[in-house]
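Following: one structure in structure tokens, then a few remarks.
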């Protein structure tokens, strides 16, 4: 058993294929190049890759090269086209196999390792290498290449772009010699970081390259080529079939490494570092530090114990912050966000989302769409933003802002601050001494239990002035407790449209349950002498109308419904001594 270098002490195993079972794991590997080819025409290789050359048994993947009695014609499609374009023969004398992680899983940085037995013979060319997920070339990282007629040497190479080199491409590498690599199993690996790539053979450091290091996602390949411009053609010493036997392929990463899913439905987890799900419906999980990016598909993202960023991307995603002060971004789609423990920020973004702060002092932003926000335990800040949203403070002293749209706000338990914002909103304080502000639009405010403050109009917190409620009719219901109904503050009387020729029946507050026995009060601007009380007209709600005196037609600013014994006295009214914020 070969021990791993001590540098991996704090690294996580993020990918492992031990080739258990009886067939190749299709979730991990393809058996062609990313563009569909089953050979490499550019290296003058003479094998054609077929799935039958791959066998899995007893915990080993065997890639077998065979010489054919009758030449095999390249399959119709991409290979026949490429061969014809290059003027090459369409028939192959050898078959072999390859595995490729393109569109499956990719990595940015890490420790990539293979344990394998290598074949002997002129013209045999096994390799373990990496290509970029984008499909461009270079870069290429050759972790291990072996020529079957040079059994005491293995090679490692980095290919990179160099505008000063012929064809714009260059390479740098080295070799390791001194033992017979055809005998027994050996491990071959690279440690790839943003600054350098170091090659390892049997757990021992071999050499390092520090220039032109790739900084992008790359996937793994393993193949057994036959012939080619480097190994030459097989001769009488080459035995067929010959096999490249792989015991395992593993990838380790530290927190700087990035794990990338492919086109399929991936389940990826790690202790620390970032994971990108890619396409497909993925399950991404962290134990500690790092970030999760679902990208495309309907994904499940599970945060860890520390501070994480969870970004759902497109699709209908489920994000769970668990512990730590996390940021959860739903992205597009109808998403489910659960902050878990900690002081979290949840952003629903586009779609009809459900946001649950859970425990801690959380910030919930619904974004576009008709969203449902639940603060959970703690002092939370809920912002519905665009759409027709439902906001529930749950427990704690919460701040609820409906934003645009016709929203429903429920403070839950605790002393809450509710602001409907634009739109015709429904606000319920629920338990506790709550502050309810309807904002723009025709709003309904219900204080429920506790000593509540009810303001139908919009208050500009930055300028500390009220938009007085022109062309809006608000319904104010205090519920149980000694409530204050605001019809003005020190800056102005509310619902005064400034038109002395009209009664003002299109903008006023309807106080539906005024009860002086509960010590309810109505707050006015100015002085009591500025107002008069009269029974309302038949075409309005029945009760006592509160009118602001003007030089001509008195202005209706409020109706106290189902009340007949109201008078302008300090028992029922108070004059504002502050701005209503």
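Keep in mind that glycine also has a Cβ here, set from the backbone N, Cα and C atoms.
What TrEMBL says about a protein is an automatic prediction, not a curated fact.
Per TrEMBL, active site, nucleophile is recorded for 140. A strand conformation is recorded for residue 140 (active site, nucleophile) in the three-state DSSP classification. Proximity of residue 140 (active site, nucleophile) to non-local residues of its own chain (separation of 6 or more, Cβ distance below 8 Å) is seen for 129, 130, 131, 157, 158, 159, given in sequence order.
The annotation active site, proton donor is assigned in TrEMBL to 145. Residue 145 (active site, proton donor) falls within a strand when secondary structure is assigned with DSSP.
Under the heading domain 'GH16', TrEMBL lists 9-257. The average pLDDT for the domain 'GH16' (9-257) in the predicted structure is 96.
Helix, strand and coil content of the region 'Disordered' (367-387), in residues and according to DSSP, is 0 helix, 6 strand, 15 coil. According to TrEMBL, the feature region 'Disordered' maps to 367-387.
Within 10 Å of the C-beta of residue 145 (active site, proton donor) we count 21 further C-beta atoms, all protein chains included.
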